[in-house]
Amino acid sequence: MSNDLLRFEDEYLARYYSKKPINVVRGYMQYVWDSNNNKYLDMHTGFGVAFLGHRNPRIINAIKDQLDRIITVPLTFYNEARAEFIREFMRIVPSSFGKVFLQNSGTEAVEVALKIARKISKKAEFLAFLNSFHGRTMGSLSVTGNEKYRKAFEPMPYKVRFAPFNAVDQVDKLVTEDLAAVIVEPIQGEGGVNPAKPEFLRALRQVTRERNVLLIFDEVQTGFGRTGRVWAFENYGVEPDIFTAGKSIAGGLPIGVAVVRREFGDVFEPGEHGSTFAGNPLVMAAAKAGVEVLINDNVPERVRAVGDRFMRVLEDELNGSKTVLRVKGMGLMLGVELRKRADPYIDRLIGMGLLTSVAGGTTVRLLPPYCITDEDLDMAVRALKNALSDSS
Ligand SMILES: *Cc1c(COP(=O)(O)O)cnc(C)c1O
């Protein structure tokens with residue numbers, strides 16, 4: 001950017017994202033504005049973080065109230081904001097789950113899930129899937145099935161076997177008794193918005209149970225209402241032993257959680273795990289308000305209605321296009337898979353006032369907030385139709 005201030009980002013901020021040339025200064029619910037006061041409909045939402053809207057008023061009020069009390073309290077002391085979050089969160093977790101681990105990001109939630117699996121199973125190896133994404137720290141990266149993210153950092157610390165996603169007929173062969181756990185996203189997000197087949201998750205559940213292998217669902221992107229149920233696994237009627245969540249829970253503040261089945265109890269002894277910022281009252285107050293929004297606004301129900309309409313209109317309007325291979329996804333986690341790289345189209349959409357992200361190289365990923373209106377959807381579909389209309 002030529003701007004005198006923003007050039008500091010180019011000069012001194014280590015580069016590991018390719019950047020779009022807009023300076024985002026403000027957001028409210030499903031919209032953001034740049035420094036030229038251009039308004040955008042946000043279906044990027046920071047990789048899904050702003051699912052409850054930017055600066056959702058209920059979450060902002062909760063954060064402001066908490067700022068006047070205290071921001072940091074370690075997990076070595078009690079705190080009411082934390083206890084309130086836990087109380088509310090357990091209302092949206094199936095009763096077979098009994099303990100929550102608090103972290104500060106999705107990758108940390110995955111890290112603790114892997115540690116839990118190793119501690120419970122006393123085994124070392126994992127099975128994960130091609131095209132999966134579980135985070136950037138070394139443990140999460142070990143189970144991420146994409147060369148692009150891993151290559152520069154090999155060898156990985158964990159021993160992991162990768163299997164084709166959705167290959168139902170290979171589950172019996174690949175899930176062996178020597179595994180600590182199988183980790184899978186119910187819908188692959190970064191890998192291209194690929195929903196698991198119901199029979200795939202059912203087979204994984206059946207075989208892991210038979211062979212005493214733990215099953216981890218990574219719901220960091222799919223969780224918290226995004227797919228039309230609070231948890232994506234509820235669409236499938238398949239429960240894991242451990243699941244992770246993150247991204248949207250605290251309305252934009254950093255958070256990650258892992259949840260384990262009741263029978264596993266506390267898992268760790270004091271000292272075996274910890275995190276300085278985890279469970280801090282500011283994030284907890286935001287996350288408690290996040291759960292309240294989810295419940296009071298009937299977010300999953302709304303997502304099913306809006307998401308079904310969005311999917312239908314996208315299919316009607318785009319499936320004739322030469323550029324489009326298919327429309328896929330679930331709820332408000334949708335992808336338009338193209339016959340070529342998605343990046344140039346994503347740039348073109350920015351110029352049309354629509355923010356999206358790329359997934360799996362060729363998919364335009366749409367992760368809108370739950371509060372988008374029919375008018376927003378129509379605008380988005382018009383923009384997509386225009387952007388994808390010529391085959392340049
Ligand atoms: C985003 C994501 C992560 C990593 O979350 P961070 O907060 O970026 O560490 C892990 N798993 C899945 C499925 C994700 O989508």
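Each residue, glycine too, has its Cβ placed from N, Cα and C.
These numbers come from a predicted model, not from an experiment.
Other C-beta atoms found within 10 angstroms of the C-beta of G106 (pyridoxal 5'-phosphate binding site) number 30, with every protein chain shown included. Annotated pyridoxal 5'-phosphate binding site per TrEMBL: G106, T107, F133, D218, E219, V220, Q221, T276, in sequence order.
In this structure, S275 (substrate binding site) belongs to neither helix nor strand by DSSP; it is coil. A simple way to gauge crowding: the CB of S275 (substrate binding site) has 17 other CB atoms within 10 angstroms, across all the protein chains here. Marked as substrate binding site by TrEMBL: R136, S275.
TrEMBL lists K247 with the feature N6-(pyridoxal phosphate)lysine. In the structure as shown, the Cβ atom of K247 (N6-(pyridoxal phosphate)lysine) sits within 10 Å of 28 other Cβ atoms.
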Binding-site residues whose CB lies under 6 angstroms from ligand 1, from E219, S275, T276: none
Cα-proximity to V220 (pyridoxal 5'-phosphate binding site), 10 Å cut-off, over recorded positions R136, K247, S275: K247
Most distant Cα pair in Å, residues G106, T107, F133, D218, E219, V220, Q221, T276 binding pyridoxal 5'-phosphate: 25
Those recorded positions, out of R136, K247, S275, that come within 10 angstroms of Q221 (pyridoxal 5'-phosphate binding site) at the Cα: K247
When distances run from the Cα of T107 (pyridoxal 5'-phosphate binding site) to each of the recorded positions R136, K247, S275, the nearest one: R136
